[in-house]
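Per Swiss-Prot, these features apply:
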type	residues	note
CARBOHYD	N53	N-linked glycosylation site
CARBOHYD	N90	N-linked glycosylation site
TOPO_DOM	1-19	topological domain 'Cytoplasmic'
TOPO_DOM	41-167	topological domain 'Extracellular'
TOPO_DOM	189-210	topological domain 'Cytoplasmic'
TRANSMEM	20-40	transmembrane segment
TRANSMEM	168-188	transmembrane segment
Amino acid sequence: MAKLRVAYEYTEAEDKSIRLGLFLIISGVVSLFIFGFCWLSPALQDLQATEANCTVLSVQQIGEVFECTFTCGADCRGTSQYPCVQVYVNNSESNSRALLHSDEHQLLTNPKCSYIPPCKRENQKNLESVMNWQQYWKDEIGSQPFTCYFNQHQRPDDVLLHRTHDEIVLLHCFLWPLVTFVVGVLIVVLTICAKSLAVKAEAMKKRKFS
């Protein structure tokens, strides 16, 4: 029995292989929960928005300014200001007036405005960026219809110009944790099976020559 027990002991390489497999299994499960919490839920909410056709009703500054944070080096940060511009549109899904936003991130950052410029140290540069964006929607887009995204249940008074997430995000949320988990399981199973076959082969060899 002692000899049989020794035969079933794993070598250092086999032990490391099993440990690696278990680590990958745990990593796959943990990453699935992390991706599900950080990416999957926001992506599902974003994908619930319905594609619609929007036309511009009005483009105007409302006379309010908001602060943004700029960086000027590794340990250098500061705040500057930008004016608030609002673009109201009519969307084909609800046939109602709604405030346009660049994307979900911009909506959550400043739900009152349609655009947040790249934050610069000088307020004048922020103003110029907003003015250029405002002029684009007045002159280039005008009354031309464009694609927007509308969520009747969550935000009936807002529409998005771009989706932050798409179906690819959902694929990655499931694919990589699943691949990690499956690879871990395969490593553990193949290591155990290989050891079991080696022990059986050794036992048969001993019986043959005994």
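Quick reminder: no glycine exception, Cβ is built from N, Cα and C everywhere.
Comparing N53 (N-linked glycosylation site) with N90 (N-linked glycosylation site), their Cα atoms are 8 Å apart once rounded. Ranked by Cβ neighbours within 10 A across all protein chains shown, the glycosylation sites N53, N90 are led by N90.
With helix defined as DSSP H, G or I and strand as E or B, the topological domain 'Extracellular' (41-167) counts 33 helix, 58 strand, 36 coil.
Across the topological domain 'Cytoplasmic' (189-210), the DSSP tally of helix, strand and coil residues reads 21 helix, 0 strand, 1 coil.
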